[in-house]
Amino acid sequence: MSQTRGKYDFCIGLVLAMSSSIFIGGSFILKKKGLLRLARKGSMRAGQGGHAYLKEWLWWAGLLSMGAGEVANFAAYAFAPATLVTPLGALSVLVSAILSSFFLNEKLNLHGKIGCLLSILGSTVMVIHAPQEEEVETLDEMSHKLGDPGFVVFATLVVIVSLILICVVGPRHGQTNILVYITICSVIGALSVSCVKGLGIAIKELFAGKPVLKHPLSWMLLLSLTVCVSTQINYLNRALDIFNTSIVTPIYYVIFTTSVLTCSAILFKEWQHMAADDIIGTFSGFLTIIVGIFLLHAFKDVNFTLANLPLSLRKDDRAANGTLLSTYDSFNDDEESSACLGETQSTESLSARRNGSLSAF
């Protein structure tokens, strides 16, 4: 019965995670279009600290779409482990990249399409080899997990790094370095996932009739989640306003996934009982995703499609045979040049002798 229930929960978590990726991927496009409309109107941009986007309905549509995605994501964490739900966020990269090419005129070349495919394949491998988290059924057990020294050190480091990026690095380099604002969103996102997991447990206990509202951890988790999500929205808006959507989304995914997997491994001790093949599979899947993200990012300005692939192959064939041809051609050119030079010198010598000049000798 427990195995059947586990499979049922797994399927629910899988469907919710995929739905979440679709909503979140679409939200990037709606928000970006809203920010672009504000820029055309001359309003103060979000990247410069403006908040005029709060009056733009497209931005609110994107926020609602992201909210729906986060709710689905929230529910998915309640039914499935974080190492299953988080890698499926790669689907939002695919959705965002495809929609941005249609609605934002952001070209997705062949490298980008291959990168999207690799991201999906890597996520699939990670799901297959995902580690199993320790079962946490009550808020008391979650409270014990959150008080573990390893997690306390990790959370402290995340807060310190975030404050340094927000207060020191962001004002200086946030407008030029894409990693600054995205890193803030990603590392804080690791804490928000932990809060979501704890609140999911609280909701399950609430439906079971337990006095969850009297437990102080429930309110602490809710407050922490509110602060984390608000910070993420603020700095994600800045990143989207300044940089290309097809670049922000994949980079955010890589750093966010790394942060969440690290946090989940520390909090739920997921890696202690993994077999060697699962460890290799998990890392291979994640490296495959990183390669896909790199293709999306590094070659975004290269105008390369399937249409000009045969032309490139013909150029490669000519280049492969170019050494022999150029050698033969240069040899013939040298012979022809020598012959022409000899004829010229002979003509000049004959003319000199005819004129009685001794310079020819």
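Each residue, glycine too, has its Cβ placed from N, Cα and C.
TrEMBL: automatically predicted annotations, no manual curation.
Taken from TrEMBL, the feature transmembrane segment applies to 12-30 (among others).
Summarising the annotation, TrEMBL assigns transmembrane segment to 57-79 (among others). Within the chain carrying the transmembrane segment (57-79), a Cβ under 8 angstroms from the stretch's Cβ atoms is held by residues 9-10, 12-14, 16-17, 19-24, 26-35, 37-38, 85, 92, 193, 196-197, 199-201, 203-204, 229, 233, all 6 or more beyond its ends.
Remote same-chain partners of the transmembrane segment (85-104), defined as residues 6 or more beyond its termini with a Cβ less than 8 Å from a stretch Cβ, comprise 13-14, 17-18, 20-22, 24-26, 28-29, 32-33, 36, 69, 73, 76-77, 112, 116, 119-120, 122-123, 126-127, 130, 193, 245-246, 249-250, 253, 256-257, 260-261, 264, 285-286, 289, 292-293, 296. If you look up TrEMBL, you'll see 85-104 (among others) marked as transmembrane segment.
Annotated transmembrane segment per TrEMBL: 111-130 (among others), in sequence order.
The annotation transmembrane segment is assigned in TrEMBL to 150-171 (among others). Within its own chain, the transmembrane segment (150-171) has Cβ neighbours under 8 Å at 180-181, 183-184, 187-188, 190-191, 231, 235, 259, 262-263, 266-267, counting only residues six or more beyond its boundaries.
Marked as transmembrane segment by TrEMBL: 178-203 (among others).
For 215-235 (among others), the entry in TrEMBL reads transmembrane segment.
The annotation transmembrane segment is assigned in TrEMBL to 247-267 (among others). Within its own chain, the transmembrane segment (247-267) has Cβ neighbours under 8 Å at 25, 28, 81-83, 86-87, 89-90, 92-93, 96-97, 115, 119, 131, 133, 145-146, 148, 150-151, 154, 158, 178-179, 182-183, 185-187, 189-191, 193-194, 236, 239-240, 286, 289-290, 292-293, 296-297, 300, counting only residues six or more beyond its boundaries.
What TrEMBL records for 279-299 (among others) is transmembrane segment.
Between the transmembrane segment (215-235) and the stretches 12-30, 111-130, 178-203, 279-299, Cβ pairs under 8 Å are most numerous for 178-203. Among residues of the same chain six or more beyond the transmembrane segment (178-203), those with a C-beta under 8 A of the stretch's C-beta atoms are 73-75, 77-78, 82, 86, 136-139, 142, 146, 155, 158, 161-162, 165-166, 169-170, 212, 215, 217-218, 221-222, 224-225, 228-229, 231-232, 235-236, 238-239, 242-243, 247-248, 251-252, 255-256, 258-260, 262-264, 267.
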